[in-house]
Amino acid sequence: MTCPVIELAQQLIRQPSISPDDKGCQDIMIAHLQTIGFTIERMPFGDTNNFWAYRGIGPTLAFAGHTDVVPAGDESQWEYPPFEPTIRNGMLYGRGAADMKGSLAAMIVAAERFVAAHPNHNGRLAFLITSDEEAKATHGTVKVVEALMSRNERLDYCLIGEPSSQHRLGDMVKNGRRGSLTANLTVHGIQGHVAYPHLADNPIHRVLPALQTLVNTHWDEGNEFFPATSMQIANIHAGTGSHNVIPGNVQVQFNFRFSTELTDSQIREQVETILKNHNLNYTIEWILAGQPFLTAKGELVNAVIQSIDQYCGYQPELSTSGGTSDGRFIAQMGAQVVELGPLNSTIHKVNESVSAADLQQLSRIYQRVMEQLIQ
């Protein structure tokens, strides 16, 4: 007997949807949702396909995810072709199996089963799907959220299918994420010959003490939900490539992953104070990739915990660890946001895979969340 979750996951994996190219994945999902009475609104922006689908009225529970995947890399290194889904020893192999086409299949089948059992359900069940999460994330969820907010759409709960599990299905869910703020700093000096330093001004020498101060700064203590804010230097570039030329400029890129104890404005102000105290001639560009967000225990978190406990026999750890996700955009709508998906140990790797049994169980967990919140 075949499993609809696995069949749909395989169908999605067969589409080589390298970000931001959807390659027809959303058409497959939409066909399933239309069959059970969902209203579909396609929302393309730029090079990205998105859709918003909903059924029912009232408090809204949305399932969110992305159809795009990262490139497979050297396909000769794969045990099985990355876009030919293969099941071996209970594992489903293929690019996107864990991140996150397996979750998408589990969501769709959960919705089909939920609607079949509760055709006149209370509340509204919705899907927010994009093909621009793995790359630039500029024409995907962020644009859909902007459009929905502009017309005062209501979103109460959102479950994102990102692969959150660590060692066994459902052992960890993300109920928040740190903010991400990047600085592109250029320190200006005067180019010259290394033999005549008095006729030049070496920007590398000037910036190093300031960077050391930034590295040594204790930004905050964190709190019960978030670790302390982290600042990391990512890139430094200067010089002409010649050993005898003092460079005229040095570019430094550094990133903050920050907790709810700080705002991005406070970080910017503190950084610029340090730079000015070191008498640097500089320009700086700031890129805010996302604000920190947190969903404390409440209806959605409680429903997810209970559903995992029912099907797995244990309760998950709530965590805000890891990088950013599209949850940072959805949280702007005032929704409670939680991320729950399969194990993440093989995501973006050669031989990406997920347990077929886990996907089937994940679909049941998703369905149980629906039943608790909008039945």
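Keep in mind that glycine also has a Cβ here, set from the backbone N, Cα and C atoms.
For the Zn(2+) 2 site, Swiss-Prot records Asp99, His348, and the single candidate of Glu75, Glu134, Glu317 listed with them is Glu134. Each of the recorded positions Glu133, Glu162 was scored by how many other Cβ atoms lie within 10 Å of its Cβ, and the smallest score goes to Glu133. Burial estimate for the binding-site residues (His66, His348): highest at His66, by number of other CB atoms within 10 Å.
Among the recorded positions Asp68, Asp99, Glu134, the residue whose Cβ has the fewest other Cβ atoms within 10 Å is Glu134. Closest to Asp68 (active site) by Cα-Cα distance, out of the recorded positions Asp99, Glu133, Glu162, His348, is Glu133.
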